[in-house]
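Below is one structure, written out as structure tokens, with a few remarks after it.
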């Protein structure tokens, strides 16, 4: 008589399966598979082989703390009944003398997460043997046409899911600076930290059974992750800080990658990491979403609006010296703002609005009670469909609000200027499989000044006024984050001449004479032009002040007064210079200086305001690879850096990282650097992953925080 079947050994074929499921970069020893795609396992039996006529295998998969058949977090499916009630499938691949190879496949809608795999062996004689076969992790599958995150371009899948480094664009629309970033989504333990992040969310804490059941939806997952990247509602990954005071944490400008942030969050018992700003929030979210399998990219919007009251107007207020006043409404235009786009189908809104969706993890306003934003369809933003979920009206205002400038004097407000095209410029992301910048502004808006652009704006405004915007869950009464000129700010950003008259007779403009490099004097001229046929006598008050992250200026550290007489249709220049010795001690950590001029005509009450925001630039870091890069072979990397200042700097520290090249971020204490001194160090490493890689470096000191550099290298896989 045949004996009951007993399992002696299980082979999850992790290495082979992971290659087929594009997860081999995460691990070759643990099973990580994608939904909607089969994976194979082999069962080895102790006493005899599998006999289909006598034996039946029933598989059980479970995820979450309370697996439930009705909720889809538990599934039971048989090798014998391929067309059973369960959407999970088991198929016979090969039947050996004492082994059985089986193909298993999760449905393309299954919840992602950590699963336990079990098998029950039912033999002809009625004996039932139960075995726990092991754990596996199930991820979204952009390679599967039935998955909601399916992306039909392999180059795009490689860029937005597989690529583990990139660039985040900062600066201003006239000086766009690529900042290197190490996403590191396949680095050791990152997948476990991403799953831990889901389990720490408020949704999981309130109802873990429902939360796990909803993890098959990329819309749901994206909102959970978006809220968890910031720490405003929970023990999220990052604390935001725009105060310029970072003594108890890391200046956001110093980060060069997500891995160190996520590992610190995990190592400290999920205590928020100090500190982040918009590009750090977006970069960490990109890491988590790519790790989970959702195609994601990082987007920079230059001159980004923050409309707190939902009227699509950003109001700015000036006093009679040209200084920007504190905005009681907290409306602002940031020099740049960074968010994410994630690719997914949107079955929760009308057809045609799937594809790229805006997700913004920077805590600005609440959405359904939590600090998150999106997903908002990019196409819905372009078409002004601001009533579609989620937060589409707020996202629309970031790229398409109008600006209104007001002169405040004697307790009164006087309209100076309305600008319909200054918000939302050069919307940028890294190109596919290239280090170039992609301008995707046309995805978000019709050309400025075109009839379509104004039609869409008016349509959005009417929807908002009619109160038909459930997709905009923003509460204007909620506290917003301080007004921010995020990041490295404009290197040279002009505000046009502002005046209460619609007939412009005199114009003014600033023009830099030299690139504004740190450590050097700032030389510029004020250009004045009389466009009338009368003489004009101008009195011009000039000033310079540093800007903080919240956008408010510090007290002026440089002032001048010019008296300029202009003949009819005459142009004149007024030269100015701000010595380094004068601005260095007043400089904010963001290196932002605002110069302004307020002009008055002797015979007229008209006032003319012009300003320019300057970002002082540093020389970059140079990285040289000494020799050929080969997996598991020693490699020397030279990093060359310098102190650009005419004074010594102390507390110098160099950080270097790169996925597949360094197991962890390298920190080198340099100490003191002499004035304008050039130095270099050589680091030794052993690359452990092949293919295209990137090295990122940052130099900080007591005088500067973010001198950066990068180098792309190819690591050969040959033995």
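The backbone N, Cα and C atoms fix where each Cβ goes, glycine too.
Note: TrEMBL annotation is automatic and uncurated.
Per TrEMBL, the features are as follows:
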ACT_SITE  278  active site
ACT_SITE  337  active site
ACT_SITE  360  active site
BINDING   400, 402, 448, 453  Ca(2+) binding site
DOMAIN    270-363  domain 'Transglutaminase-like'
REGION    467-499  region 'Disordered'
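Structure with TrEMBL features highlighted.
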residue : record              : contacts (Cβ under 8 Å, 6+ apart)
360     : active site         : 226, 282, 339, 340, 372, 373, 374, 391, 395
400     : Ca(2+) binding site : 305, 312, 381, 423, 424, 444, 445, 453, 456, 457, 460
402     : Ca(2+) binding site : 312, 313, 314, 418, 419, 420, 423, 457
448     : Ca(2+) binding site : 420, 421
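Residue counts for the domain 'Transglutaminase-like' (270-363) under DSSP, helix first, then strand, then coil, are 15 helix, 40 strand, 39 coil. The Ca(2+) site, placed at the center of the C-beta atoms of 400, 402, 448, 453, has further neighbours from the same chain whose C-beta lies within 8 angstroms: 401, 420, 421, 423, 424, 445, 454, 457. Cα-Cα distance from residue 337 (active site) to residue 278 (active site): 6 Å (rounded to the nearest whole number). Here the Cβ of residue 453 (Ca(2+) binding site) has 18 other Cβ atoms within 10 Å, regardless of which shown protein chain they belong to.
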